[in-house]
Amino acid sequence: MIFSQGVSPFKGDFSKIKFSIASPESILAHSRGEVLKPETINYRTFKPERDGLMCEKIFGPTKDWECYCGKYKRVRYKGIICDRCGVEVTMKSVRRERMGHISLAVPVVHTWFFRSVPSKIGALLDLSTKELERVIYYEVYVVINPGEPGEKQGIKKLDRLTEEQYFQIITEYEDNQDLDDNDPAKFVAKMGGEAIHTLLKGLELDTQAVDLRKILRESGSEQKRADALKRLKVVEAFRKSFEPVKKTRKKSTGLFPEDEAPEPYVYEGNKPEYMVMEVIPVIPPELRPLVPLEGGRFATSDLNDLYRRVIIRNNRLKKLIDIRAPEVILRNEKRMLQEAVDALFDNSRKANAVKTGESNRPLKSLSDALKGKQGRFRQNLLGKRVDYSGRSVIVVGPELKLHECGLPKSMAIELFQPFVIRRLVERGIAKSVKSAKKLIDKKDPIVWDVLEKVIDGRPVLLNRAPTLHRLGIQAFQPVLIEGKAIQIHPLVCTAFNADFDGDQMAVHVPLSQEAQLEATLLMLSSHNLILPQSGKPVTVPSQDMVLGMYYLTKSRLGEKGQGKLFYGTEEVMIAFNEERIGLHALVFVHYDGRIEQKFDPLRMLDIIPDDQPEQKEWLKTKIGENKILVTTVGRVLFNRYVPEKIGFINKVIDKKGAKDLISKLSSEVGNVATAEFLDNIKQVGFHFAMKGGLSIGLADAIIPEVKVQHIKKATKESTKIVREYNRGTLTENERYNQIVDVWQKVTNLVAEESYQKLRKDRSGFNPLFMMLDSGARGSREQVRQLTGMRGLIARPQKSMSGQPGEIIENPIISNLKEGLTVLEYFVSTHGARKGLSDTSLKTADAGYLTRRLHDVAQDVIVTEDDCGTTRGIHVERGIEEETGGQIKFSEKIRGRVASRDIVDNLNDVVILPAGGIITDEIADAIQKNAGVVEADIRSVLTCEAKQGICSKCYGTNLSVHKLVEIGEAVGVIAAQSIGEPGTQLTLRTFHQGGTAQGGIAETETKSSMDGQVEFESIRSVEQETINEDGMPETVTLVIQKNGKINILDPDSGKFLKRYEVPHGAHLVCKNGDIVKKDDVLFSSEPNSTQIIAEVEGEVKFVDIDKGVTYKEEVDPQTGYVQHVIINWRTKLRASETREPRILIVDKEGETLKTYPVPIKSNLFIENGKKVKIGDMLAKVPRNLDRVGGDITAGLPKVTELFEARIPSDPAIVSEIDGYVGFGPQRRSSKEIKVKNEFGEEKNYYVQVGKHVLANEGDEVTAGEPLTDGAVSPQDILRIQGPNAVQQYLVNEIQKVYQINAGVEINDKHLEVIVRQMLQKVRVEEPGDTELLPGDLIDRTMFIRANSDVSEKVRVTSKGDAPARIHEGQLYKTREIIKLNRELRRNSKQLIDVEPALQATSHPVLLGITSAALQTESVISAASFQETTKVLTDAAVAGKIDNLAGLKENVIVGKLIPAGTGLKKYLKLSLDMLAEGKESADALAEEEAGAAESGEDDA
């Protein structure tokens, strides 16, 4: 046997990796020898045993340049193979790469291919896993060739036989056994791996594929087709793995004549029999080490035990075969060998896994070494430990510049030691490396000077775990400091999410020139001022700095020097330094720059003393010229640091003001000036926080006096409610809700009172109020608990449905200043603990969400400038009303490219032509301009780039406000931008200590602009009612669903805005009215849905029976008796059914209209009463979420949307436009029919008790919900198509983040992820392509497959075509035209063809987990989840990984194809290197030539 001499398969550059099943030949080609003995090392000499699992002869020496027996030592014998012990003299590192093998006595089935779902071997042989198992584990025989005996006995190929049946046939037909094995008449049956090997070897895959496709086309049985499809997938995978490989032609050596030369191609691929192994590879010994411990014991890798079991059993079996042992014993030994090999490859799949002796845990097999967080992929390939790094505790460094960090000397000397040593040797301070090291150890003073020089201009990277987004690693210029803690700048804490309570950070040194350059240019902290997730600044002052700036810029009447007039800002500073004027004094300053007035100067003239009339007159004239500034001394001081271009900032600076100012600075004056400004205001902020001496004393928390009265009143009210409940006039639910409402109102009242009290205290200079108002620390919520009352406490519960018991109804009346009673304290501990436990549990969930997002989007990279699409998405101004002003129209379009002209409808002006970028200025202008009501913008969702996305569809890079560059890894940025706030989402209840905040729902809808009202499909009726004051009034009631109010421009009649009007709303405006901004259009009741009579007639109740379907309850306020529908199913026998409904009948008793009444409805009408149009028949209450801000609903909701899960109680959605009708009622469901004018009808069955939104005869549109409940994204995709579902997902996720958590994430990040969820299509009809029905493939691959077929035709009749043309086959159109020309010329019959059929498909919405597993890259999918399954499928299909994404390249150790790792940049640097080398060579040649000529002259 010849072994390849250790040729590494990865020598040189490679661009793709192919996966396939290893053939016995390839295993032997990689092996250096056979392992024959189970021994590892000799326990006396501690040397490896020869031919054992650690053998030096096979795997290489254990000591560098030394053979086993010691005959050859030293490097000079390199490459010699010792004649005594057979060991090659080489480095010991080869023990990490050299492999061995074990030759098995009988073939063994590879467990991956037989236990995978579906079983690969089972699919090929058409056997179930159970039957396969019985054959493999030597329980039954399988017939390989029935021969004559089989025919006579009616036995077919692949039949299973028991031992008795087998021996019966063998004895009955003894002569038959003498025939040759290849004789078709001979009866052959075998068991175990051998049988499977023989069967797989005899398979004809091409024939099998044709037969299976025939079944798919022609079979009527659904089950048969499903089975055929499952098998065809495996067969096709094997067939696809065969691909032509160029054969290297040997130069003619006379071995065979030229005409006998072989074909230039051979077909290489997976043969099915490779799934049964005859040879097992043994991995290198250093990858399964054996380490000696103290006390003469050894720690060993589990793999050694598993290999040992295989070798022992294999050797025993060989012996037994040699001595001709009985069949029973052999069979048992063979079965044990099969089990040993199974355990070696995958020990976790088996029920009876092999366990260790002592701790009884399953041994870690080869599969386990790849799987999971501790597996090879995630532990060693995706994350590695790095040298040149250190970590330490962090402390604040307030005197540092923004781009600096303080590095302890002791750390710096360790990190930069090699560079220091080199300097010391170069400068001759030390003679050798050794002496330089000694100098360093002695801490010689000269070393620090050298270190200073070494680190100058060399950035270091700081990282704080967990690194949730890219700002978790930033570069800084190190400054050497004494001490042992790293100092960091206070402004970068936000980005790192760091504080100084013991956090640690890691330091890394970029070594290469390129790495240093990238760190300085791209990663320096002063270049990362903007958050990539929202485009908002991240280096925002906080806490002390904010408080200092707020204190500095606040004004106070009556300060020293108030009302003085100064000629310029310098004069003000002189006066202040001379202490002639107070910091908060209002003064008049002559100023020539840009003025943004905050005070009305003429009104402020009163603060000038009356004895200076001429000053007042002079001021009046100057104010007219807008040259006089009314400001405070502090603001003048603050504005010294604001760049001139920005103008004078004349307002109190709080946290939000600071944030907006920094945002403005970064876009207008650039990073350098902004960084300088930040450093200045840091100094100013800290200085004035100190000067102001702002700290909280107990006296600063002021409790309002009115609190006592409010509480007395509330206690009275709640006692009254309880009394009514005891009388039986209130239900439990109503009592609870009313008490909660009473206390909620009181808590809010007291909170507002205490806030106002603080605001007025010391004319706004109460330290507690200043901290709150400036945004430095604390929230209104906390102040309420300190000085108002703690109020109601939420009871921790998972559900968010608003059921009773979510809020503990006894409030905490005390506040934290007064102190809590024992009971109150006990009640509040509950919520506080929940906050902490939630935090720790949810952080893991958020981390897992981030990981899945990363995996699904890691290969989305900007690959081209413009994909050329004309499509885009449509954005309307209505988004603001829907989200309560949280999401602005301008935010939706900012930084995008317009796909159509953006037009001002009022003035007919094009504000921005198609293809233009919507910059910040344009976006703000559009926001203010009411004429722009809609915009079409380019989006990632509609990008048509072949791979990755294009920069026009993505828009601007948020962190630099420029169009995104090619090579930007936008997928990873998107994943980080969504995942990082995900961990904040979780910490939401944390600070409020679990107190409940209930919202009082908004009932009025106001116009957001001036305009004229136009009604669209609104049917209304006027109704007499009694208002709150007891006076009669007429209201206009909307009695039609889907009504709309449009706002038009009064002059041109152009459409500006649309509002949806709910059923039962009260109209405040009339059609054609002119309305102003903030005028009320209509009001609606948010807590309930009303059922309103739409026709006149008499009421008739059906199935509304007292005690069965309704009960009587008394309304506490009015004393009216209410009839409430109850769940009747609990009251009746199983066979009985009821459907409570209200009919309206005419005089003849004919039914005019039917209204089903859902459970919990209140009836507002009596049986037999006459009703007019617009009368209320019943009210259906809605559940309101009472508990505010607990994000437990937030994260699971986001996960549900990203995973595209079907909601637990989904709404039933109409699939067509049409009119609603009802079918007969069943026991547990009722039928809704939707019929359109073309006679198409769809039927839906609804569970009884579910509220049906549609009434008989209502018109509905496709996609409209017919019942209540959440709409399933899968339904939206099916009915309204991919665009609708993409928009739905983006908007819904955005709502959770913005409204529940107040976190801003730009839409484009969500779009990148949602695009990935819709990348796949499912093939419906494959046509003439090679696809299979039901295949899930990438959209681009589907388009490619169809375009391939579009150039081909199918031959229907071959005429006189040459023999190579077959009927029914596909050929290129050009080829057939050419052949037909030839045939026509020779007057022969032409070839008849028809166009090839294209495949059809429908888009599929995948959750992010499925999408990540379905990625084109094998390596990426394998490192994500289900490693063994992914690798098995890839090996069978011979898949090729093109290394297109980031993850694959990290794993194989290449530069990532993004940023500076893009191919075009790499090529650039290689070209430059080549040029540099050429010019250096030329120079050297010149010099050599010159030297030679010099010698000649001499």
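Glycine is treated like the rest: Cβ placed from N, Cα and C.
A 10 Å cutoff on Cβ-Cβ distances gives C67 (Zn(2+) 1 binding site) a total of 24 other Cβ atoms nearby, all chains included. Secondary structure from DSSP puts C67 (Zn(2+) 1 binding site) in coil. Marked as Zn(2+) 1 binding site by Swiss-Prot on the basis of sequence analysis: C67, C69, C82, C85.
Sequence annotations record features per position, and here Swiss-Prot assigns Mg(2+) binding site to D499, D501, D503 based on sequence analysis. Counting only same-chain residues at least 6 apart in sequence, none has a Cβ under 8 Å from the Cβ of D501 (Mg(2+) binding site). In the three-state DSSP reading, D501 (Mg(2+) binding site) counts as coil.
The number of other CB atoms found within 10 A of the CB of C943 (Zn(2+) 2 binding site), across every protein chain shown, is 25. Swiss-Prot lists C867, C943, C950, C953 with the feature Zn(2+) 2 binding site.
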- Message: Tell me the coarse DSSP state (helix, strand, coil) of C950 (Zn(2+) 2 binding site).
- Response: strand
- Query: When the Cα of C82 (Zn(2+) 1 binding site) is compared with the Cα of each of the binding-site residues D499, D503, C867, C943, which one is closest?
  - Reply: D503
- In angstrom units, rounded to an integer, how far apart are the Cα atoms of C85 (Zn(2+) 1 binding site) and C943 (Zn(2+) 2 binding site)? 66
- By a three-class reduction of DSSP, C82 (Zn(2+) 1 binding site) is assigned coil
- Query: Given the binding-site residues C82, C85, C950, C953, which one is most crowded in terms of C-beta atoms within 10 angstroms?
  - Reply: C953
- Out of C69, C867, which of the binding-site residues is least crowded by other Cβ atoms within 10 Å? C69
- Message: By the count of other Cβ atoms within 10 Å, pick out the sparsest of the binding-site residues D499, D503.
- Response: D499
- Query: Between C953 (Zn(2+) 2 binding site) and C69 (Zn(2+) 1 binding site), how far is it from one CA atom to the other, in Å?
  - Reply: 69
- Nearest of the binding-site residues (C67, C69, D503) to C943 (Zn(2+) 2 binding site) - Cα to Cα: D503
- Measure from the Cα of C67 (Zn(2+) 1 binding site) to the Cα of every one of the binding-site residues D499, D503, C867, C950, then give the nearest. D503
- Candidate nearest D499 (Mg(2+) binding site) in space, where candidates are the binding-site residues C69, C867, C950 and distance is Cα-Cα: C950
